[in-house]
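Copied over from TrEMBL:
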type     : residues : note
DOMAIN   : 24-129   : domain 'Acyltransferase 3'
DOMAIN   : 299-525  : domain 'Acyltransferase 3'
REPEAT   : 169-201  : repeat 'ANK'
REPEAT   : 202-234  : repeat 'ANK'
TRANSMEM : 28-49    : transmembrane segment
TRANSMEM : 61-84    : transmembrane segment
TRANSMEM : 105-127  : transmembrane segment
TRANSMEM : 307-327  : transmembrane segment
TRANSMEM : 339-360  : transmembrane segment
TRANSMEM : 380-397  : transmembrane segment
TRANSMEM : 409-433  : transmembrane segment
TRANSMEM : 445-465  : transmembrane segment
TRANSMEM : 485-503  : transmembrane segment
TRANSMEM : 509-528  : transmembrane segment
Amino acid sequence: MGDAREPALAGNGDATLPAIDRRHDLDALRAIAMLLGIVLHAALSFAPIPWTVKDNQQSGFYYVLFASIHGFRMPLFFMLSGFFTAMLWRKRGLGGLVKQRLKRIALPLFLGCLTIVPAMWAVIFFFSRPSPAQSANPNVWAAVVDGQTDQVRAAIESSEIGVNAVNQDGASLLTVAVFLGQTDMVEMLLDMGADVHQRNRDGGTALHSAAFVGRGEEAAMLLRAGAVTDAVDANGQTARDLLNIDFGTTNAIATSFGLSLDERAVKVGRADIAKQMGVTAPSAQDHNASKNPTWEAIKPLLFQFPVFMHLWFLCWLIAAFAIYAVFAKWLRIDKLPKWLVCSPANLLWLIPLTMLPQSLMTPSTFGPDSSIGLLPIPNVLAYYAVFFFFGVLYWDMDDTHGRLGRGWMIHLSIAIIVVFPIGLDLVSGALGVVPKLRDPTLNRLAAGFLQALYAWLMTFGLIGACRRLMPEENRTLRYISDSSYWLYLAHLPLVLLAQWFVRDSTAPAFVKFVGITVVVSALLLLTYEYGVRYTIIGRILNGSRQRSPSRIATNA
């Protein structure tokens, strides 16, 4: 590819590098991808999926928008990061690369864990609580607990409370009634139109609660009302999965909510639910024999507890670099034939490699999982490693003629018009265009293939499009590219604040969504210019920068 000035991807830039040609097309691509990250997170409060802030207006359109961006954005970032990591290694050697990575990635990650992550914990705790408009009369919830069906019916009929209201814990009326085993209450709520698919704050449905505590009769009602068994909660678990939770864990969680359970009743109820679902519920002996209780207890703390929050990207860059550094001196990737990397034939080996870790991810979510815990989830690490190391390979191909991404219009058209709609329907049925395959194994295999194909087609298509349409410097996109590391670190708390501020507004969802995106982007760019770019924060993130004389004179 020849010499190319690295555009500071995720802290990779350095203002002190020699003056070599800059890849303006990749600057533009990174700027676009960063802005799409703000769009993606802004859409989540309007999408019917688990998120910290839930707007009073929900639409499947925003889930489709989220999935279309999520399916390629972070894979693209890792591919570009691998590209620039290889560039730095070739130019500076391994010692220079280690020093640069420690300064630009490890240090911001360490500082972020001391500042941004605790702030995010506080923000999530505050903003995730339902607003007064979304919370129901506490007397009604007491009636639910006591099984006062007539009182709850009267409250719904008088509009004192909505049939799909949620409590302060983010649980729906239907879920609470199921959890407590209030059979008459469940029947009444379903008769009055309660949404059997409604998600609680944890992403679960009422059927999840029924499976968890073994409410067989209530589960039968939910299934007759159309509840789906493959809905996935925020932990990636379906109602079927919850049938396998050991009683010790089940009882501990139930007790924390003031519910006392009988082990035999739970086992009998789960067996009944398993029969209704057409699956086999393992016995307690089978379950305990197949899993180590100690490991099962600490695994969520290691892999799921939000230690890094949205800074997981930086954590993973360090992990990818560590792997790369170990093998760097033995790699002879510059000897590989160029067609193997730069021609469409690369999909013949990239797709299978990507499908392997993809097959182990959440089955009802389009695109890769995230890993925000102390340790990276192995299959997610393997997934992003494929993109990272392809970027490493691509640097050494010296693709001066832009073979990768040639035919970008075809790449993007196939990805957006064909691959994404079919893949999304096989995963979630969100569009309702293509039915799921009858064979679950074949359906999952096809969905994994299409998700992998979508990520690579979008990556190659966007690289080709930016090379063709934006080969010269665009000062606006260059500036956004320079600011993107700061935008990445700081955008999420502001997005949550904006979502919380407008969540009860009667304005159209699209107006609120656009407003969140524009206002947050503008605030971030202002803070970058006047509080980051020429300060010690800017030096840590992007290297030292000096204001131009004309700008200093103007400010004076």
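Using N, Cα and C of the backbone, Cβ positions are placed for all residues, glycine too.
Curation does not apply to TrEMBL; its annotations are automatic.
The average pLDDT computed for the repeat 'ANK' (202-234) is 88. Touching of the transmembrane segment (61-84) and the transmembrane segment (105-127) is ruled out by the presence of fewer than three CB pairs under 8 A, sequence neighbours closer than 6 excluded. Outside the transmembrane segment (28-49), and at least 6 residues removed from its termini, the chain residues within Cβ reach (under 8 Å) are 7, 9, 55, 57-60, 62-63, 65-66, 69-70, 73, 76-77, 80, 199, 203, 462-463, 466, 470, 474, 477-478, 480-481, 484, 487-488, 491-492, 495, 498-499, 503, 509, 512-513, 516-517, 520-521, 524.
Proximity of distant same-chain residues to the repeat 'ANK' (202-234), defined by a Cβ-Cβ separation under 8 Å and at least 6 residues beyond the stretch ends, is recorded for 49-50, 170, 172, 174-175, 177-179, 181, 183, 186-187, 190, 196, 240, 242-243, 245, 250, 253-254, 259, 261, 265-270, 272-273, 276-277, 362-365. Counting residues 6+ beyond its ends, the transmembrane segment (380-397) has Cβ neighbours under 8 Å at 1, 74-76, 78-87, 90, 316, 319-320, 323-324, 331, 333-334, 336, 338, 341-342, 346, 350, 353-354, 356-358, 361, 368-371, 404, 455, 459 in the same chain.
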